[in-house]
Amino acid sequence: MSLFNSANKVIGGVLKFNPSKYQVRYLNLHEYQSKSLMDKYGVNTQKWRVVTKASDAIKAASELNGELVVKAQVHAGGRGKGSFIETGFKGGVHLCKTGKEAERLCDEMLGKHLVTKQTTKEGTKVQSVMLAESVDPKRELYFAIVMDRKYGGPVMIASPQGGVDIESVAEETPDLIFKEPIDIVKGIRPEQTKNLAEKLGFTGEKAKIAQQQMENLYQLFIKSDATQVEINPFAETTDGQVICMDAKINFDDNASFRQKEIFEMRDTAEEDPREVEAGKFGLNYIGLDGNIGCMVNGAGLAMATMDIIKLKGGIPANFLDVGGSASEQAVTEAFKILTKDPRVKCLLVNIFGGIMKCDIIASGIVNASKQVGLKIPLVVRLEGTNVNIGKEILEKSGLNITSASDLDDAAIKAVNCLKK
């Protein structure tokens, strides 16, 4: 699991997020896609092949040497300990020695839904499997480069405790987490990579190799507009090589206009279709597991809304930020997305009108309710610019809309709707 996913799991101390399924304005790649990118920048990886049909596994295996590792390709961690819904087959990562074994393993995985600690209970459908040459690591280390607001730019993070849950290392032995902030203008300095290589236990020629790998990973990070390049394990092998065995690379969506080749690798089948649809209309949507649908303007207000719903005994079904200048069409599309979720039994709209005027939102709510044929309770709290006009529009709409005086009142009314 990534050291940097934890912030996506808790909001206000009460809501747990699923990092594999929730939109965080980053593009995620499959492991084989990340390896392809690393190969381009001179980063040492195992030789690998990817297959989408089990019948191709024997040929792919023949192009590789020695023992093979067969890995299901999904955007989720914990694959090795996962299981497949359809057959109960255990593990999305296996070792094998022959092409025939690889074919059997691919047949067990392809087209099946893999459930891990980072997926929903429905799992994620495996549509590709990577075969790679197995590496015998002498030491498994950890290395990452991430954008960190605390440092105002990229920072290298390393630990001699790799190949395991790095979050546990950070919690239990924080003294084994080493950081080196990078000046975004001057770039990475040799003394920084030398310092980290030494702290990771590299000496002599191996230290120079490790330093070069860190430099190559930084070039990948900076030239491809990555927000995170995480290598776990960053391994020293028994034959003296330094290999990046597993990688997680994220990219800022804002860089899509100049990283077209990378963004063409996006696998929307791995994403919540509601999130994909919301993105088309500039809506920031994250699906959760509750039954109170939320539509709010502003990320902070949206999180506060979810927290208060939870505190009042309800469970939010989503995070949905319509932004500061959403159109009536965007509001309508937001309603369509929310009402497509069969778990949603009540909608709560919480708008603080600044740039976005309350009368515009009110008109959008009325039109959206009519278009989708809304049949579930709707609670609306409006405040700010043109609030009185907005409330009047709602009152004259003839729709079954419950107005709330403030956020606390709105949360209570939404929760009470579910008790009727």
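Glycine is no exception: its Cβ is also placed from the backbone N, Cα and C atoms.
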Please pick, from Gln33, Gln46, Gln161, the residue that Swiss-Prot records in the GTP site together with Gly78, Arg79, Gly80, Val135.
Gln46
Given that Swiss-Prot annotates Gly354, Ile355, Met356 as binding substrate, state which candidate in Asn297, Asn400, Asn416 belongs to that site as well.
Asn297
Specify the nearest of the recorded positions Gln46, Asp136, Asp246 to Gly354 (substrate binding site), where nearness means the distance between Cα atoms.
Asp246
Distance check, please: Cα of Asn232 (Mg(2+) binding site) against Cα of Ile355 (substrate binding site), rounded to an integer number of angstrom.
44
Taking only the residues the record lists as binding GTP, namely Gln46, Gly78, Arg79, Gly80, Val135, what is the largest Cα to Cα distance between any two of them, in Å to the nearest whole number?
20
Nearest to Gly78 (GTP binding site) by Cα, among Glu67, Asn297, Ile355 (recorded positions)?
Glu67
Given Glu67 (site 'Important for substrate specificity') and Val135 (GTP binding site), what distance in Å do their CA atoms have, once rounded to a whole number?
8
Which one is it, among the binding-site residues Gln46, Asp246, Asn297, Met356, that lies nearest to Asp136 (site 'Important for substrate specificity') by Cα separation?
Gln46
With DSSP assignments reduced to helix, strand and coil, which class does Gln46 (GTP binding site) get?
coil
